[in-house]
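Engineer: The structure that follows is given in the form of structure tokens.
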Amino acid sequence: MTIQRCGWCSDDPLYISYHDLEWGQAVFAEAHLFEMLCLEGQQAGLSWITVLKKREAYRQHFFQYSIAEIAAFSDDDLTLKLQDAGLIRHRGKLQAIRDNARAWQKLKDADIDVVTWLWDFVAQRPIRNDVPDYRLAPAQTNASVTMSKALKKNGFKFVGPTTCYAFMQAVGMVDDHENHCHFKTTSKL
């Protein structure tokens, strides 16, 4: 039996694993949400498979996305990371990871549950869209525009509306699996 997947999912095993096990699945773990927000920012202008292939290097360099440890990075720490070909060597993108950790920590220090705050942009419930073809899914929505503005207002970087929508798809805030996709019906809370 052949499993039907979304049309964007290539035959690369890494892509298949990401599609089948992660994409569109609701995420409430803080470190995983932070990781995906950071990775979506790294993806800007690149293919997602490029980011997936570098994902383990990011996990190693960024302490499995320990927000407190990343927030403490110095400029020198970032300069060293720019030398590693395992990462996307773009100073602004790598600095955004540190800046985003600091912004996340600042929200936590203000007694804001960042996970709840992020999920509030979809009223705490995944949005399940009718997607006959992935090319018809929006690149951004009112919710992603609102999220982007709120994140930027709080000091986050590389979080435009399109990046926010991709993040929302990745962490299951939005289920944009194609209607025929086997995983459309299995992405549940």
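Note that Cβ sites are derived from N, Cα and C of the backbone, with glycine treated the same way.
TrEMBL: automatically predicted annotations, no manual curation.
Pulled the feature table from TrEMBL, pasting it below:
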type	residues	note
BINDING	Cys6, His19, His177, Cys181	Zn(2+) binding site
Engineer: Let me know how many other Cβ atoms fall within 10 Å of the Cβ of His19 (Zn(2+) binding site).
Structural biologist: 21
Engineer: Around the Zn(2+) site (Cys6, His19, His177, Cys181), what further same-chain residues have their C-beta within 8 angstroms of the site's C-beta centre?
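Structural biologist: Other same-chain residues with Cβ inside the cutoff are Arg5, Trp8, Cys9, Trp23, Gly24, Tyr134, Glu178, His182, Phe183, Lys184.
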Engineer: Are there any residues in the same chain, six or more apart in sequence, whose C-beta is under 8 angstroms from the C-beta of Cys181 (Zn(2+) binding site), and if so which?
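Structural biologist: The list for Cys181 (Zn(2+) binding site) reads Gln4, Arg5, Cys6, given in order along the sequence.
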Engineer: Reduce the DSSP letter at His19 (Zn(2+) binding site) to three states and note it down.
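Structural biologist: SS state of His19 (Zn(2+) binding site) = helix.
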